[in-house]
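What follows is one structure encoded as C-alpha cells, with my remarks underneath.
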C-alpha cells in the first residue's frame, strides 16, 4: 500500500509540473487593461506616460487612451514597444513639446489626437513616420506657424483639424504633402492672409472651414481657390469681409454650400457668384447688405436654400429670384422691407418655407399681390404658414396680412408694384346704367369678357349636404373669400369705410374677381351697343369714363363688403388639417353602444377644399381607456363620411374615441383632444360578468379592517398577560413575605432548612444543586446548607457577618 501511495504522489507532482499556472498580465499603474487590445488610462491624474514594459504582449495593443491627464512631455521611448498601435489619444493634457522620434515606431498608426494641449509648433519630421495616418487632431493648441515640413510624409491623411490655434497666415504649398486630404478645419484662428498657393495640391478637398478668422476686408483673388476643384463646402462666416469681388468663386464648380454669414458685407459685385451652378445653399445672414444686384443670383440655377436674414434690405426687385426654379427655403426676416411685389416668387414653384417676419411691412395696396400669392400657395398646400405682420399704418399695426380683407388695403395713394396683366387678359369695369352715354375707349368693348373666370387653383371641392346657389357657383374663384388661420378671423371693415374716393388705382378685375359679382345678366345690361358712338377720342371723355368705372367698382366693393359682413358669400377655404379640426369639425357624439360595437357620429361645417388636395377624409382613433401608449388602433374613413361603427370591442370596457381630419394625406401634428368621446361597452349577454371593482374594493377594505382588529387584539392580549404576570410576582402571600423578611433574626429561619432540602443528593455536583445568584434571596438557605454540611462554625459565622452587612436596613 505504501508503494501505491508513493506512485500516486509522484503522478500528481508530474501533472502540476506539466501544467504551470498562467501568468497574470500586469497592467500599468492607474490604467485599465480589461480588453487586451485597449489600454485605457483616461482621466487618471497621470503626469507622465505609463511604462508598458510590464505588459506581457504590448504588440497586441491597438488603442491607447491617455486623454484628460496632466502629461507635459512625450519622450522618444514612451511608445517604442507599441508597434501595432492604431489609435493614440493624447487630448486634454498639458503637452508642450513632442520629441522628434516620438512616433518613430508607430508606422501603423491611423488616428492621432493631440487636441487641446499646449503645443506651439509641429516640428518638421516629427510626423513623418506616420505613413498610414488618416486622422490628425491638433486643434485647441497654441500653434502659431506652419511649414511645409510639418506634414511631410502624411500622404494618407484624410482629416486635419487645426482650429482653435493662433495661426496668422498660410504660407504657399503648406498643405502640398496632403494630396488625399478631404476635410480641413482652420476656423477660430487669426488668419489674415491667404497665400496664392496656400491650397495647392488639395484637388480632393471637399470641406474647408475658414470661419472666425481675421481675413482681409476684400476677397478679390480667385486664384486662391483654383486648386479646390472638388470642394463642396466652403465656410467663410464670422470674418471681417466687406466686399466680394467679381467671379471670386468661379473655380469651384462643385461647391454646394457657401456660408458668408456674420461678416460686414455691404456690397456684392453683380458677378460675385459667377460659376457656382451647383450651389444648393447660400447663407448671407448677419451682414449689412442694403440691396441685391439684379443679376447677383442669376447663375445659381440649383439654389435650394437662401438665407438673407439680419441684413438691411429695404427693397427687392421683382425679378431678383427669377432664375431660382428649385428654391425651397427662403429667409428674409429681420430686414427693412416694407413691401414686396406679388410676382417676386412666381418663378419658384418649389418654395414651401418662407420667413418674412421682423420687417416693417406697410399694409396697403402694394401688398395686395403678395397677399394674393400667399393665399393661392397656401390653399394648395404648397406653402407653410407665413407671418407678415403689419407695422404701418397705425390702424393695422399688429395685424397679419394673410387674413386682412382687401378693403383694408385700399389706403394710401400707391401703385401696385406687381406687373400689369397683358393686354389680352386685361378686363375693364363698366360704367353704371345712369352713365350709358359714356362708352369705354375704342377697342375695349371687344376685349370685355362675358363672365369673370376663376383661377384654376381657387376652384374648390364642395362637401355634400351644403347648398350652393347659382351665384355662389359663379363666385368659386373669389380670392378674397374667408380663409381660416390659426390666429383666428381677421378684422372686417364696415360698409361705410368703402368710399368712392378710396377706389383702387388699378382697373384690373382679376385683383378682386369676387367683388364685382359680374354675371351674364348684368354684363348684358351694361355692355355698350354697337350703334353707340365712342367718346374715347378725346382725353376728357376717357378720363370721365375712368372716373365712372372707379365709382362703379367702389360701389360694387361696398356692396360686397356689406354682404361679407352679413354672412353672405362663400364658405371658407381650408387646406390646413389643424384649422380643419379647430373650425370645421364639431359635435362628436356616441349614438349606440353594444357589447362588442359602438357607433359614433360627427358634424362638419360648410367649407371648401382645394382641388389638388381633394375632399376632406377622416381618421378615427380608438383604444381602451388608460392604455399606454394611446391610440394603437385607428381607421381611415373615405370622403363624405360623418359616422362610423366600431366592431370587435371588448364587453364592459371603457374606450376613448377621437376623430380628426385628413387633408391631402396630411394630419395635424397636435392630438385631437377637442374631438374625443368616452364610452363603456355593455356586458356580454349570457357570459360571465366582469369584475365588479366597487365590490372588490369593499371586500378588500373589510379584509384590511379585520386584519387590523386581529393585530390590535393580539397586542392587547399580550399586554394584559404581562400585567397579570407582574401582579402575580409582586403579590405573594403574607406568610411567604414574612418568612423571607430581612428584619427577622437568622436563627428563626434556620429551622426550615433541613425540611426544605431534605431531598438533597450528595452525589450530584454542587453547582447543579444550587445555581447561585446574588440577586435572588432564595439562595440564602441553600448557602447555609452547603456551609453547614462541610464548613464548620467559623465558616457559618463569617457568612452571617456577610449577610448582615448585605441585608441590613
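Along the chain as shown, the residues are counted starting at 1.
Quick reminder: no glycine exception, Cβ is built from N, Cα and C everywhere.
Looking at the stretches 310-360, 361-411, 412-462, the one that Swiss-Prot records under the feature region 'Disordered' is 412-462. Check Swiss-Prot against the ranges 695-715, 716-736, 737-757 and you find transmembrane segment recorded for 695-715. Taking each of the glycosylation sites 73, 587 in turn and counting other Cβ atoms within 10 Å of its Cβ gives the largest count for 73. DSSP assignment over the repeat 'LRR 2' (84-105) gives 0 helix, 5 strand, 17 coil. Taking the Cα atom of each, residue 73 (N-linked glycosylation site) and residue 587 (N-linked glycosylation site) are about 77 angstrom apart.
Secondary structure of the repeat 'LRR 1' (61-81) per DSSP, as helix, strand and coil residue counts: 0 helix, 5 strand, 16 coil.
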